[in-house]
Amino acid sequence: MRLVPKQIETLWTLFTAPVVWAAHFLVCYIGAAIYCAKPELVELSFSAVRAGIAAATVIALSLIALSAWLAWQQWGFGTDDPPHDDPTRRDRTLFQGFATLLLSGLSFIAVIFTALPALFLTECIR
Amino acid sequence: MSAAVKERSREEYKAQEERLRAVWANPAGWRYWTSVNNYQIGLWYGSAAFAFMLFAGALALLMRLQLAVPDNDFLSADFFNQAFTLHGTVMMFLFAVPIFEAVAIFLLPPMLGAREMPFPRLGAFSFWSFLLGGIFVCGSIFFNAAPSAGWFMYPPLATDKEFSGIGADIWLLGLSFIEVASIAAAVELIVGIMKCRAPGMRINLMPLFAWYLLIVAGMILFAFPPLIAGDLLFEMERMFDWPFFDAARGGDPLLWQHLFWIFGHPEVYIIFLPAIALMAMIVPTFSQRPIVGYSWIVLAAVGTGFLSFGLWVHHMFATGLPQISLAFFSAASEAVAIPTGVQIFVFIATMLAGRVIFSTPMLFGTGGLAIFVIGGLTGVMVALAPFDWQAHDTYFVVAHLHYVLIGGMLFPVVAGLYYYYPLIDAKKLSDLLGRLAFWLMFCGFNIAFFPMHLSGLRGMPRRVFTYPAEIGWDWLNLISTAGAFIFAAGVLVVVFDVIRPKHRQPRGEFNPWNAGTLEWISEPEENWGVRSIPIVRSRYPLWDQRDLARKVNEGRYYLPDAEEGWREGLVTSVLDAEPIQVLRVGGTSHVTIVSALSLGAAFIALTFHWWIATALASIICFCAVIYWLWTGTGEIPEKPDKDVGLGLSLPLYASGSDSVGWWAMFITMVGDGTAFASLVFGYFFYWTIHADFTAGIAGPDAVWSLIAASLFAAAWGLMVAARTVNRRGTTATMRGLLVLSLLTTVAASAAGLAAPLSPGMDPTRHVYPAIVWILVIWVLAHAALGTVMQAYCLARSLAGRLTPNHDMDLGNVVLYWHFLLIAAVITFAIIGLFPAAM
């Protein structure tokens, strides 16, 4: 059994990390918004919301790290430098890997940005 | 070389050229306007958008005159309200977004080495819709009937018929119509960029302009539908008194703000990215070297595209949302500065690495970026909630947004105009006038808008029509007015430069800037895009493939001929651009104009509640679209394959996910699904804001809901089965299944109607029945369209236009049904089961 998925030939892998960012963002925002609007729905304190955000963040960062590792692999572990502009399948794959790696980096930072408020805010103040 | 590319005689070559020219030629006389060619459509689209921009600019000058001195009575308060509303609306919806669609339609085919966009008639339809909708919205001010509640139309002001007359309806319906045009353009761009690139143009060789536009078109699919959903709710409230935004009956004005800004913030980047895309073409040319950091630009485009959807609430910081919500959006607003900054550094690096030629386009480009950076920095300031609470709704925000939009969009567009003008007219614009225009615009802009930061910090609110003398705003406003007129003078110089007669000027050389990308081999005199479709081996083919232009023009590559009299292009694979199909596209036609004008007439008649006229126009539009589909799409070719040259033979027909039509359907339905998701968001939004969101009203009948969902699932299953048996060749069974599926759909719709009808839910009484009804109506309307598609497939099959081997229509309809099934199951599960579960 493979631990990591096999490399697949598609454009969509480029968007993996940003999609994870978007999902994480929505989970945090919607979760907190529903909690603050309907605190009676679940008998939990705000710390639970913060713990939930922390858990979501760990999951999101792990997924992005996985996407980054796959991208690094697709990029040939950095054995070849950009610009990857030869008209070959190999350079096209390297380009995809490198661009995906960059996007994973940006998404990683953006997920951390999104999670930061939960470090500082302790209640649903308006 | 193979025998297929043996030297042809001169006569043969001439004959090929003549046939190709004839196929792509425009009709003469008044029929010129029936052209669907990307050159004409792009040019008309751009000219119309530019004209709307000048109109909105004139409104801005009127406003600046009014604000020049305190206690001025040059304009009435009401006219001032109409002027600023129309100024913002027109600049955003009729200039900033359409101008990029125009540039894309004009430039993309030659840039990708294609002959045409994949759906030229759809492009023409989009243009005519835009033109009609635009004239309707702009014209309203001459009848003192323009919208006057601000360009984002906040309820309760804009839903109140006493305070906002017919103007609000004109805004809602006129712009909904234009939003449809934008989504049509997005479909065309995505399919064009993914499937219609020249052979060999792998995604790592694609021009950056195409990368940007691909992302922008994707953003349109997710940004515009929430606004369309919002418009639907809004118009239902104004027309039929359904209380979506009326707090007294359980509605909430904030829902509109959410839906508007889920569109409105990505919109800023939808405007900005294409302008930056122009810079990504201009900077390498004038640095005479490839862009530094191609992959980084792709990172920036994709990254900005995603992050821009996490910013919308920063327009709502002052509405009293929980601080943790504000903080999420504040964080994302700061994060988006990273990819934005990357692009600017890439340009600087490219300029540093090359030898920069400071031409007029570069002047506009770099000047615009300098302005944009200032706007970006104030953007970082207002993204901080505490600062925003101080600056909210003041002139500081007015200054910020104009720095962003004019620096990030208008200046690069003018740069693009000076750069690409030789592709329109084979002549350059005047360098002298260009430089004059730049300095007038650059200085005028800063003189006009920089003081607004200060008047804003001194507390001047936006949208006031006048102000008293003694509070320290007067001289700042006077300077702003003076600057606005200097800026306008610069714009007029550009206009003069474009429209002044140039027939005495000799024809310019090809590729006058010595650019490296493919669009520069197209000739303004020819309509065919490229004489033959080349094989691309570089990011800058004109620099690296020395004999490319000659060989293209000698017809030595693919499809140099049009023997069968069709307009043809190549479809290639997404990643490596390997040729897979010959695509025959629609030619000159009236049907696009008739469809667009009748659809426009329906919207306009609806504004004035002329129901009969609305119905008539809708019927005409329906017939026109059916005629268009029947005669212009899914045509069965006279032979299965065609020799495209260079020894390659390709199929003429494709169905399922191999066909461009399938992609178009998929993309359209993704947009449609986003609008549906916005309505579902509305349902749960109302649930969160009320302790009991049903307000004690009996909800839809759960049994009817479940019956409806099951019947829709059955109808979907029958459709899938119909496609399968058709492929096996049992046509009669397929027809039977289609009829059965149609009947099941009708039964499912009746059950769906019974769900809210049986407990007698009255949508005007409270927002709960209203939101339930709107979801049900959404599904039923889609089901009605689904039955039309089923009947269409049946008719196509009976007419012999849908066969076991040529089943594109059926494949696309089944795809539609996948989406319909999802919408139906979600809707009836939610309305039937959720209230009981809570």
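Cβ coordinates come from backbone N, Cα and C, glycine included.
Quantities reported herein were computed from a predicted structural model and do not represent experimental measurements.
Record features (TrEMBL):
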- B:18-537: domain 'Cytochrome oxidase subunit I profile' (DOMAIN)
- B:663-836: domain 'Heme-copper oxidase subunit III family profile' (DOMAIN)
- B:41-63: transmembrane segment (TRANSMEM)
- B:83-108: transmembrane segment (TRANSMEM)
- B:170-193: transmembrane segment (TRANSMEM)
- B:205-229: transmembrane segment (TRANSMEM)
- B:293-314: transmembrane segment (TRANSMEM)
- B:326-350: transmembrane segment (TRANSMEM)
- B:362-385: transmembrane segment (TRANSMEM)
- B:475-499: transmembrane segment (TRANSMEM)
- B:610-630: transmembrane segment (TRANSMEM)
- B:660-686: transmembrane segment (TRANSMEM)
- B:737-758: transmembrane segment (TRANSMEM)
- B:770-794: transmembrane segment (TRANSMEM)
- Positions whose Cβ lies under 8 angstroms from the transmembrane segment (B:610-630), at least six residues beyond its ends: 121, 589, 591-592, 594-595, 598-599, 601-602, 792, 796, 801
- Give residue numbers and ranges for long-range contacts of the transmembrane segment (B:41-63): same chain, 6 or more residues beyond its ends, CB-CB under 8 A. 35, 74-75, 80, 83-84, 86-87, 90-91, 94-95, 98-99, 101-107, 120, 123-124, 126-127, 130-131, 134, 138, 141, 424, 484-485, 488, 491, 495
- Query: Taking pairs 6 or more apart in sequence, does the count of Cβ pairs under 8 Å between the transmembrane segment (B:205-229) and the transmembrane segment (B:475-499) hit 3 or more?
  - Reply: no
- Outside the transmembrane segment (B:293-314), at least 6 residues beyond either end, the same-chain residues with a Cβ under 8 Å of its Cβ set are 204, 208, 211-212, 215-216, 218-219, 222-223, 258, 261-262, 264-266, 268-269, 273, 277, 280, 321, 325-326, 328-330, 332-333, 335-336, 338-340, 342-343, 346, 349-350, 382-383, 388, 539
